[in-house]
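The following features are taken from TrEMBL:
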ACT_SITE  537  active site, proton donor
ACT_SITE  581  active site, proton acceptor
BINDING   536, 537, 582, 583  FAD binding site
DOMAIN    30-352  domain 'Glucose-methanol-choline oxidoreductase N-terminal'
DOMAIN    454-590  domain 'Glucose-methanol-choline oxidoreductase C-terminal'
SIGNAL    1-16  signal peptide
Ligand SMILES: Cc1cc2nc3c(=O)[nH]c(=O)nc-3n(C[C@H](O)[C@H](O)[C@H](O)COP(=O)(O)OP(=O)(O)OC[C@H]3O[C@@H](n4cnc5c(N)ncnc54)[C@H](O)[C@@H]3O)c2cc1C
Ligand SMILES: *[C@@H]1O[C@H](CO)[C@@H](O)[C@H](O)[C@H]1NC(C)=O
Ligand SMILES: *[C@@H]1O[C@H](CO)[C@@H](O)[C@H](O)[C@H]1NC(C)=O
Ligand SMILES: *[C@@H]1O[C@H](CO)[C@@H](O)[C@H](O)[C@H]1NC(C)=O
Ligand SMILES: *[C@@H]1O[C@H](CO)[C@@H](O)[C@H](O)[C@H]1NC(C)=O
């Protein structure tokens, strides 16, 4: 109860800043940032230290619109039914765009609901808050692809560290000596006080300790330095979350960067305001002059004296570029959009790592099962009043590995070649342990594997010249058959995990999903086509690259090719999906590009 009131008063504080939103009329700022997710708010907050900045966000404030479903860590797993990926998802239009993909012919003709935050904070208002960084080799690949050494893992350190503030694990509250945590205490620059709070859960889900042990018994070892130190393969880790530890509430791009910048900097936030079109001065150098926006049906123009920054996320940044005249010229022509810059790569190169899972009923408890029982509410709420107990916690066990020789031997030479084309430290699979309440007070454990070297590519196209319609999303899952081979191998690996001593100690009865009837490779593949899901890490639809790369959309400083005064700063500008939960790297990119802009690059 106490926490809920805290969340409400926090929302009121936010509303206090925003009670009279800026007037819905033409205005001019040095920078106009489109989208209030981690990319947009990081760059906006840093620019607002020395310039005037407007941030345009289609949604409102999640603390008000989604309440403790967004604020309380456990509810990131149990409290947001709209994260359902099926076509029948329950809509939550105040905080989610409700995007539905096109039918995926290679995934049982499913259409996927791809949740995306529509609120200040963007997806960091609805995500699972896992915080870690990719492998050194993945950023080094980024550097070589864009021809700029400032993207090597070593050179990116300062942007990672200056974005966050680290709190050491509270081992007393965690009360779980069997969850070894190793980390680099310097991974955040606490002296400069980066606003993003990174901390460890104050409670450990007992089921996850057992499933984690099962993954360990596959032969993985605890990460010696934690998963933000550039090495992942062969290790497991209890990773930190973006949780504000004193109250154990979600720390989002909104509660960190925006809340810090609103009083301190020259920042104006436009809630419930849709960016409809970027305007260009076509008489000269195609300079971005501003943005047409709409608040409650009132259209007006926010002009940018210096630059427009596009941070609308992986689906909407390419859509808004195309609607504004930047994209493949034939597609623009088909919708009567005058071509400002013919860039065939806009909306292409969608990397979307997919996950598959196996579940059993287990005899252990979990946060979800404990809080599903009303008899446990008083004690759990009391613990949460002290920032502990199951409500304070959001998963936390992940692991990465390269496929074993045994499983590699099941793959075609072509699939092996594709796997081996990645940097050598890039793992093949990620494992995540999870738990859900089952029927009649039982508890279900899941171990999922994610294909973090996805070979299939999807795309985003437009169906009209209006931002009032959603883009057409082709996820492309399994469109490259080598992904099917790796997925079948990953499934077999999960069965190995469920056959370890640790798993055998806790599992009850037969395999619950998919069940023992699924045995042959064909049966496994059929199950996978009907069940794989996103991990919500879609990336790369406005890819960064060299000017000689015809599919590149932005250069190494995130500037859009063929125009002036326009950058893309969000996960769409990544050249590929990193081998990592990506939010740490989105904040990093926001810090880096803000630094570039301030230094005249
Ligand atoms: C369910 C879920 C779970 C996840 N779990 C994790 C996790 O545990 N760890 C992790 O690292 N990552 C996780 N992620 C991914 C991570 O949150 C995203 O990669 C990250 O938020 C992307 O940041 P972004 O700035 O590129 O875009 P977004 O966060 O998508 O922000 C874009 C913003 O732009 C706004 N916008 C879009 N179009 C317009 C327009 N036309 N006008 C005005 N505003 C507009 C949107 O409303 C949104 O607020 C998860 C994502 C989801 C959805
Ligand atoms: C969430 O909000 C409800 C009121 O809508 C409240 O009863 C409940 O205690 C809150 N839960 C937590 C964990 O704070
Ligand atoms: C700590 O864990 C032990 C073993 O699971 C349990 O018996 C004990 O009650 C826990 N202590 C607290 C304070 O939660
Ligand atoms: C780890 O410790 C916790 C807390 O004491 C306990 O509930 C859990 O069963 C343990 N897990 C394993 C794998 O021993
Ligand atoms: C997008 O992907 C779909 C499905 O793979 C494909 O049919 C279509 O041609 C692609 N569109 C573009 C413009 O690349």
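Glycine is treated like the rest: Cβ placed from N, Cα and C.
Shown in sequence order, 123, 127, 535, 538, 539, 571, 581, 586 are the same-chain residues outside 536, 537, 582, 583 whose Cβ sits within 8 Å of the Cβ centre of the FAD site. Mean pLDDT across the domain 'Glucose-methanol-choline oxidoreductase C-terminal' (454-590) comes to 98 in this model. In the domain 'Glucose-methanol-choline oxidoreductase C-terminal' (454-590), helix, strand and coil residues by DSSP number 45 helix, 25 strand, 67 coil. Cβ neighbour count for the residue listed as 'active site, proton donor': 24 (other Cβ atoms within 10 Å of its Cβ, all protein chains included). The 10 Å shell around the Cβ of residue 536 (FAD binding site) contains 21 further Cβ atoms across the protein chains shown. Taking Cβ-Cβ distances under 8 Å and a sequence gap of 6 or more within the same chain, the neighbours of residue 581 (active site, proton acceptor) are 128, 130, 131, 132, 398, 535, 537.
For residue 583 (FAD binding site), the number of other Cβ atoms no farther than 10 Å from its own Cβ, over all displayed protein chains, is 26.
Largest Cα-to-Cα span within the FAD-binding set 536, 537, 582, 583: 11 Å.
A simple way to gauge crowding: the CB of residue 582 (FAD binding site) has 28 other CB atoms within 10 angstroms, across all the protein chains here.
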